[in-house]
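Asker: If you scroll down you'll find the structure; I have some questions about it.
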Amino acid sequence: MEQTLRVGHRTAYEWLAALPAFLVLVFVVVLNTSSSLHAQLLQLGESMWSGYFQLRIDPVQPGCNPAMDIDAELQRLIHQANNSVDEFDLFAPEPVNEGALRQSLLASQLQCAERHALYESAVERITPGVQIFRTIELGIAGFGEFGMNAQRIMLAVLVLICGLTALFRRHHIALRPMETEMDYRVAAGAQLIASTILFYSVYSFKDVAVNSGVAISTQHHILHHLWIIGFAFILLLSLYQFLFIPKEAKPGGSFLKAQLAVPLYATMCIISGTYFIMSGHSAGIGIYLNQMMELSQLFLNVGLYVWIGMLLKRTELAQKVFAVFRPFNLPPELLAVVVVAIAAIPTAYTGASGIFVIAVGGLIYMELRRAGARRQLALAATAMSGSLGVVLRPCLLVVIIAALNNEVTTDQLFGWGVKVFFLTTLLFAMMALITRQGPARLEIPQDVFPQFLQALKPLLPYVVIIGITLLIYAQALNAYLDEFSAPFILPVLLLVILIYERLMQEKDVLKRENLNIDYVENRLEQSWTDLRVGNDSLEKTIREATTETTGHIGALLMLMGLSVSIGGVIERAEIMHMVPLVFESPWAAMAVLVGILVVIGMVMDPYGAVILVSATIASVAYNNGIHPVHFWMVTLVAFELGYLSPPVALNHLLTRQVVGEEEVRLAKEETVGQSFWYRHEKMLLPLVSMGIALAIVAFVPLAIGYD
């Protein structure tokens, strides 16, 4: 269902959904940048004015008198002491120690003089320059404080706007797309039930909170009403979609097959909602959504990483990187290995495997097919391209693990993550080469190096732009491209790259025949017209990237939120209590935990799964002598194996989404009559590679010990 109503040369959908989401994302970037900027301003203020922290606010004049008459005050105190005798006191009052009292008054007078001296010194040091500087510094500090308090509300707004967008565009993640009338009807019916449960749950949660007798902050009042209003709109839209089926839907369909078209979030919502309602705890989902708000910074970063992925998709950077390898004429299997290994870096910087597959999966598939890769191999490599980087710095998933578990640090996890990355890359390379269909000859053309150098030239401006941008952040804000700063540096970096590519489209201005005022005026008028009607390449690119981002954010955050709710069901149902707290040996404990972790990875979003594992399973591993870093490395690899495994196989779902149903159908047709491996290579190659890696990561450290 596309939105055709246009206002100001933009669709109403772009005004109502993409623009608010864009403003929220920009707000988060500015907020994070302001925190680094404020820290730098404090250091700058201290370096310019020693003791700047004392000058940040106007000093208060001391109320004491530095010129106090000691003798008069002493006589007053003595007189006061003599007249305050208690007539009911059985003992005679102690005589006043005049000497001690005088010493006390002298000390007080000295302290008073010092306070007045400090006050006068501070007043003298607050020059107009200090006043201007502190106004800026305090303004940024105030904005940062406001932003930190508003993060929960911003996340709720983002979830609701993008969730409504994903529902409107039928973009929620399912096992297969909707095609027939039955598919649309069943999927819409399931979402209608899910949205009804969500609305009922958040409304019940508000009643529980109001009637609890505990004072509710203004922020939480706003959150309660946001959830209620937002899910009311989602409920109404779900009802509309249930009643009105798109005209392009194919007639007929199977009710059983239509179950596969039901969005995963709706299935999770119905399961968890039914459990909570039947157990008399109808506010359950609302409570777990509210818990999600307590990690608002991390989940807002998820939105930023999706935006980063969509911006990256619209740059020419990925195409230029692929062009570097074309002169070598690599065999398809070897090129697949190179692509999967290189893709680990942007995967780590886009926060999650699914985001990278959405952003660049289509290009990876196309380049592998161009190199002669069979469709099954290209599909396998595309799905696998988002799997290896989740253990590398600065992946958000690892940051969440470290935030929820004091037993590990990001440095420890990323340090071991590099070793796990090399292991999984090696195993994927071995499996790809062992199962190759053609000869393993590497025939490098004689003139490869001139072509290679020629392909490198277009990358040099990008290297310079990236280097300058990162240098500015490092010098001006003391912010480096690590797991803490990447979410707010990368959007700016990609916007700078898009601006560069836009300027390169205007390089004709520098031609000799165009260096005249008439050409420049005409070009400026044309650029303004393009911008006004929505055809300007830069504005259009950012708008389209943000528009696509809203749907993906809605699908991911709704899936994450309901994954947290499913985790709550598992926790409250005490399913994990069926697992013994202590096993006979760490080997037995690891075997059981590996199976549980893979199953969790199959059916849950990794972010929600991390929250569940942190609350329930992690302690079992620690109690059985499994090192925390070892356990979480196993968890990450198990989650990625689950991400590639049926029944959900989310990476394969996203791969199918970006390459198209036709390519998946052709992949099946071209392997008819071949062996079982080649008929199912797109599933088996990633599964076997990651399965062997998981076995090694899980059990080899137990065999060799942690020392």
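The backbone N, Cα and C atoms fix where each Cβ goes, glycine too.
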Asker: Among 377-404, 629-656, find the range that TrEMBL records as transmembrane segment.
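Answerer: Checked against TrEMBL: transmembrane segment maps to 377-404.
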Asker: State the residues, same chain only, that lie 6 or more residues beyond the ends of the transmembrane segment (377-404) and have a CB under 8 A from a CB inside it; answer 'none' if no residue qualifies.
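Answerer: Same-chain residues near the transmembrane segment (377-404) but 6 or more away: 295, 298, 301-302, 305, 332-333, 336, 339-341, 343-349, 351-357, 360-361, 364-365, 368-369, 410, 413-414, 416-418, 420-421, 424-425, 428, 432, 481-484, 486-487, 606-607, 610-611, 614, 632-633, 635-637, 639-640, 643-644, 649, 651-652, 654-655, 658-659, 663-664, 667, 681-686, 689-690.
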Asker: Tell me if the transmembrane segment (684-704) touches the transmembrane segment (298-314). I count contact as 3 or more CB pairs below 8 A, with pairs 6 or more residues apart.
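Answerer: In this chain the transmembrane segment (298-314) does not contact the transmembrane segment (684-704) - fewer than 3 Cβ pairs sit under 8 Å.
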Asker: Taking residues 6+ outside the transmembrane segment (684-704), which of them lie with a CB under 8 Å of any CB in it?
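Answerer: 377, 380, 383-384, 387, 420, 423-424, 427-428, 431-432, 435, 586-587, 590, 594, 598, 626-627, 630, 633-634, 637-638, 640-641, 644-645, 651, 677.
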Asker: When each of 12-31, 153-172, 265-289, 459-478, 484-503 is checked against the transmembrane segment (553-570) for Cβ pairs under 8 Å, which one has the most?
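Answerer: Counting Cβ pairs under 8 Å, the winner is 265-289.
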Asker: Within the same chain, where does the transmembrane segment (153-172) have neighbours whose Cβ lies under 8 angstroms from its own Cβ atoms, ignoring anything closer than 6 residues to its ends? I mean 6 or more beyond.
Answerer: 1, 13, 17, 20-21, 24-25, 27-28, 178, 187, 191, 219, 222-223, 226-227, 230-231, 233-234, 237-238, 241, 263-266, 292-293, 296, 299-300, 303, 550-555, 557-559, 561
